[in-house]
Amino acid sequence: MSKMKNTIDPAVNYLLPLAKKAGIETVWDRFAAMKPQCGFGELGVCCRICWKGPCRIDPFGNGPQRGVCGADANTIVARNLARMIAGGAASHSDHGRHIALTLLEVGEGHAPAYRIKDEQKLRSIAEKLNLAPADKDIRQVAKEVALASLEDYSRQNYSIPCNWTKSTMTAERVDKLLDLGIMPHNIDAVIAEIMARTHVGCDADAANILLGGLKGALADYNGMCLSTELSDVLFGTPEPVVTTANLGVLKEDAVNIAVHGHNPLLSEIVCDVALKMNEEAKKAGAKEGINIVGICCTGNEVMMRRGIPLATNYLSQEMAIITGAVDAMVVDVQCIMPAITGVAECFHTEIITTMPVNKITGATHIEFREDSAIDSARKIVELAIDAFKRRDRRKVNIPDYKQTAIAGFSAEAIMAALSKIDAKDPLKPLIDNIINGNIQGIALFAGCNNPRTTHDNNFMTIAKELAKNNVLILATGCGAGTFAKNGLMTQEATEAYAGDSLKAVLTTIGKAAGLNGPLPLVLHMGSCVDNSRAVNVAVTIANKLGVDLDKLPLVASAPEFMSEKAVAIGTWAVALGLPTHIGIVPQIMGSSVVVEFLTEKAKDLLGGYFIVETDPKQAAAKLVAAIKERRKGLGI
Ligand code: CUV
Ligand code: SF4
């Protein structure tokens, strides 16, 4: 059997041999060293929830079938999964909490670094949340919206649903979630509830634990919804912007600052401040001044709002440093490999951590606070300029690979493009084309990369296959990174890969929107939290058609996922009624009850279900089949 390729990213393939020669270890080396990975862990049947353990269930039936406390494989697998969902929900929602708190400060007239950038959006959110914004001062509206969002972290009445979930769903879905008892009332309480019910000696019924997990996943959805929408208020609602992606965006003659992580509260200010410090960089010898590039979801955030080039996605973050051209990598939260400080030791690169709860040994810590954001950002940029002076030019290897990428397709941007065709009824052209089959369905690609499969390959293979089958493609997160780096967010990709009827529709919309050609093959919707934008579009379509989400020819795919956050996202996609593909075998296979629940029973309860398929061609076929089944259900 031939060895699986590490990646299809040409920039990474250029750098990997150089890393090897220099003796620099990367994620792929560590993954190889980790093999064979623990079979019990892979199946999810290892329990470390109490210190009578660790316990593990023998999957072949010869050894123990129960842990010391008597928990069986079903209980153990379900508990492990629910706790992962809680971890994901905590991460997204903590991010959302910071944004909501900042908006509150803006409303109260503090936080001078921030302002309300999109008043219209703020008012329309207030409208949605039933806050009657019409005659109120904009700062008052900001305060009320922030407080209504923070209520979703503090409400103690179990029978009142979270504001955001309730106001962003179809009515039928709201009822379904209430009926099943999985509508969240308070994000933090739901996360705490999962931790409590999975403590030793509590909930032992796998199906019941999974319902708790579904509620946790919906709490995750609630947190990401408010993160997305309130970020737009503070930093602007994305509009299509042309930029570039892959490591070739680094510049030899500039101070290169990579912003990495997730939360735009920091990166937005770093961008603002850096713009003003160009002259200082030039004085230090950087002819082209300061060049900011993005990595992971922070990269998506600044790409879609500012057109900042995207350097790379999750799995190749170390590669950015290995170019020898990154002067500072500024990180906030989530998906930052602790390995980067070790790689940076071989270069002049400053790794700068900024959050009190996210430090990395070996990094420089510059604490970031909303009230002194500009000062911290200035210190960060100064450190980068200093590091630039120490850069060893002999070690610089910037791969000559970059692609054009059109980013920034928020729900609003999509509606704006459509309204150029039909101003009175913007959705009509989209819906008509779905009904007549020119667009067979819509697929949302999300999630991470994972060395268990060839980096970027599943995303690319499945997307091309779906496009050929006239499926409209949306993308977020590191999947969006894959498509940007590999040229699928271009008009040329539409010409090359879209099926004829999809191409015709994308061309009509693109031309009407003044793009002088088709829309890009993959519409970039943003970071992981921006998956809520896709829900927003789907709910609008569902309401217009008068059906619930589980009737739409809409599918999701996380073909290379790894994080707890991605587990949470996939699970709420199922809860919202979507057939949801995952391309990595999940750590649940040790429990027949859990597998059956998530791949079959969920379909009866919620309409959505998981499709596990590691082969990308097969996965594409299964997604097309799921779309066809939905179309049949609608009689179209
Ligand atoms: Ni939030 S969660 S690796 S950066 S998508 Fe990227 Fe996106 Fe997964 Fe992380
Ligand atoms: Fe073992 Fe039960 Fe403790 Fe888990 S909770 S480690 S199965 S004794």
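Each Cβ is built from the backbone N, Cα and C atoms, and glycine gets one as well.
Bear in mind that TrEMBL entries carry predicted annotations, made automatically and left uncurated.
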Of the candidates CYS225, CYS335, CYS346, the one that TrEMBL places in the [Ni-4Fe-4S] cluster site of HIS262, CYS297, CYS448, CYS478, CYS528: CYS335
Of CYS38, CYS69, residue recorded by TrEMBL at the [4Fe-4S] cluster 2 site of CYS47, CYS50, CYS55: CYS69
Among CYS47, CYS50, CYS55, CYS478, the binding-site residues whose C-beta sits under 6 Å from ligand 1: CYS478
Listed in sequence order, residues with CB under 8 A of CYS38 ([4Fe-4S] cluster 1 binding site) and six or more positions away: CYS46
Additional residues around [4Fe-4S] cluster 2, ordered along the sequence, whose Cβ is within 8 Å of the centroid of CYS47, CYS50, CYS55, CYS69: ARG48, ILE49, LYS52, GLY53, PRO54, GLY67, VAL68, ALA71, ILE76, VAL200
Pairwise Cα distance for CYS69 ([4Fe-4S] cluster 2 binding site)/CYS478 ([Ni-4Fe-4S] cluster binding site) [Å, integer]: 40
Minimum Cα separation from CYS47 ([4Fe-4S] cluster 2 binding site), reported as the residue among binding-site residues HIS262, CYS448, CYS528 that achieves it: CYS448
Alpha-carbon distance [CYS50 ([4Fe-4S] cluster 2 binding site); CYS478 ([Ni-4Fe-4S] cluster binding site)] in Å: 35
Those binding-site residues in CYS47, CYS50, CYS55, CYS69, CYS478, CYS528 whose CB falls under 6 A of ligand 2, listed in sequence order: CYS47, CYS50, CYS55, CYS69
Nearest of the binding-site residues (HIS262, CYS448, CYS528) to CYS55 ([4Fe-4S] cluster 2 binding site) - Cα to Cα: CYS448
